[in-house]
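Taking it in order: structure first as structure tokens, then the write-up.
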Protein chains: 2
Amino acid sequence: MAETKPVNLAVVGATGAVGEKIIQLLENRDFPINELKLLSSKRSAGKKVSFRNQELTVEEAQPESFRNVDIALFSAGGSVSKKLAPEAVKHGTVVIDNTSAYRMDQNVPLVVPEINEADIRLHQGIIANPNCSTIQMAAALKPVQDAFGLSRVIVSTYQAVSGAGNAANDELENQTRQFLNGEEMTAAQLPVKDESSHYPVAFNALPQIDTFQENGYTFEEMKMINETKKILHHDDLAIAATCVRLPIFTSHAESVYLNVDQQDVTVSDIWDVLEKTEGIVLQDNPDTQTYPMPLSSSDKEDVFVGRVRKDLDEANGFHLWVVSDNLIKGAALNTIQIAEHLNNHNWF
Amino acid sequence: MAETKPVNLAVVGATGAVGEKIIQLLENRDFPINELKLLSSKRSAGKKVSFRNQELTVEEAQPESFRNVDIALFSAGGSVSKKLAPEAVKHGTVVIDNTSAYRMDQNVPLVVPEINEADIRLHQGIIANPNCSTIQMAAALKPVQDAFGLSRVIVSTYQAVSGAGNAANDELENQTRQFLNGEEMTAAQLPVKDESSHYPVAFNALPQIDTFQENGYTFEEMKMINETKKILHHDDLAIAATCVRLPIFTSHAESVYLNVDQQDVTVSDIWDVLEKTEGIVLQDNPDTQTYPMPLSSSDKEDVFVGRVRKDLDEANGFHLWVVSDNLIKGAALNTIQIAEHLNNHNWF
């Protein structure tokens, strides 16, 4: 690969859960940065952040912030992306957007580099990072699809609160303390901050992530359904999702049922293709009680897969359990990987 | 119904999580008890328990404990049931067993009274109470099966720790305190007490409930599969389960996918049959963020169903979210209901 040019990089939403993780991952990553610009809302501007032996000051994100910025990583919420991403593009900046604002836009590539790196070069200024729960599932499905064909997916998720940001993390911790102190638990963030009802997530399960759509599915469920089809280039995939928020700080887990096209596939065949896939770690041994869990998967970059079982009734049916850190591969790392592929190939 | 005779009742495992709940429910229930005998292991014998204005002393369960006992409710673990249930039967006692010891025995009825009350009369001394996660799902499936036929079920569970007993409850509380105090979490109960590896359940998800079977499924998963077929009298049902333990004290939740036989069924049709079913409460309104949750379902006797959605690809496919208190309808209440039906019909 040709030598890569150091870039001027901006992080929008630098003080949020994903922004913080992006800065933390960039610190030790072999990504050539000329200048790092940290941007946030007016409220968080002025904060100091240390990065590669420098002290950086967070600035308020403005339309003119993107002058001379080569790549901007957005994770400050959909409304900020809708307002500022087009401004950044006007300055020639390539935006990698970690919100749902542009994911289903047909002019915007939706990318998990291990799956559809080539889509990056089709960008017209904006590249979208998929939803956290989508990325890890698609990462596990892709090698199966390539090897055996894929016709059907039914997923039920076990999602961490950090997917709803630092305030949701704080809320879970606070509710847990309240419960142990015998106090009533108070809720203001989950399931959806801007909706009217809030329920404690501590010692509970909330079968709502994001707002309900007209068809009775939540937006999170429709993200998993639509984004997976787009990333896998598989419009005909029959796919359904039920998304549930749980009292877990970090790492989403997913119970995935799938049908492959071939009828003679074995569990060993599935293991083989998963084991050979970059970014996937197979943890699957009932004899040693080995399987992925959120606590063991947190702060790690891989997607962990276990509990691979053949369905007892359908010869082409399999069950998987997929776990990954929702802030790393589910957000910050995938965003950075898109930026690295963009830069390495000079696909500006 | 004919007047019912007051019975001599024994509770085996009276100091366990389910036994305690049985005594608590019997307290206020219109069940005619002549004498209540509380039995336990040697270790717990001697404890005092108040019941309907009497103070009862827990006695060690022995083969001769069942003399003059009409009905014995067993929930002291499979090995106790295997040893003592046949002894009780020798004394003419009818055993209602809340363990997995006899559930799949072809001479033992496996009963959820709303579903298959008539099976009670086929007993030969032992009647089995199904597994907690099975009861609530079967309760929701039965009216759907009766109305529209049922060919396929895929379930992923979200199970509370109290299903593993009081010690697992204590472990979750203890781990939670350790976590908040910045200490390392210690685990000795979950996922399975007698196995070699234990993992913290606090802020985690354990994709193992009970021991692994040769086919890669856990025993809990196979219980859901086999018991559901038996209760629904539906050997041809295609059914798969993935069972997961979560940091929830009480009430299991289940994400259920199903296929009905008829092709023209609507969500309203499903709502209608569920709403008409005794023991089922429909909580399903996206506009008001109304759906069942473990915290709102605990200490209640019903099975709560919500998030009813038509599959986006299969015309006969539906998704449900089913929640119920695993110690009440999932265990103690269903056991008592079997005893009540047995007594009311004089099916001794």
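Using N, Cα and C of the backbone, Cβ positions are placed for all residues, glycine too.
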Among B:Asn285, B:Asn316, B:Asn326, which is the one TrEMBL gives for the NADP(+) site where B:Thr15, B:Gly16, B:Ala17, B:Val18, B:Arg43, B:Ser44, B:Ser162, B:Gly163 also bind?
B:Asn326
If you count Cβ atoms within 10 Å of the Cβ of B:Cys132 (active site, acyl-thioester intermediate), leaving out that atom itself, what do you get?
30
Going by DSSP, is B:Ser162 (NADP(+) binding site) part of a helix, a strand, or coil?
helix
Rank aside, I only need the closest one: which of the recorded positions B:Ala17, B:Arg103, B:Ser162, B:His252, B:Asn326 has its C-alpha nearest to that of B:Cys132 (active site, acyl-thioester intermediate)?
B:Asn326
Just give the helix, strand and coil counts over the domain 'Semialdehyde dehydrogenase NAD-binding' (B:8-123), going by DSSP.
41 helix, 32 strand, 43 coil
For the C-alpha pair, I'd like the distance in angstrom between B:His252 (active site, proton acceptor) and B:Gln159 (substrate binding site), rounded off.
4
Filtered B:Thr15, B:Ala17, B:Gln159, B:Ser162, B:Arg245 - binding-site residues with C-beta under 8 A from chain A:
none
Determine the minimum-neighbour residue: among B:Arg43, B:Arg103, B:Arg245, B:His252, listed as recorded positions, which Cβ has the fewest other Cβ atoms within 10 angstroms?
B:Arg43
Give the distance between the Cα atoms of B:Ala17 (NADP(+) binding site) and B:Arg103 (phosphate binding site), rounded to the nearest whole Å.
20
Work through the binding-site residues one by one (B:Thr15, B:Arg43, B:Arg103, B:Ser162, B:Asn326) and name whichever has its CA nearest to the CA of B:Arg245 (substrate binding site).
B:Ser162
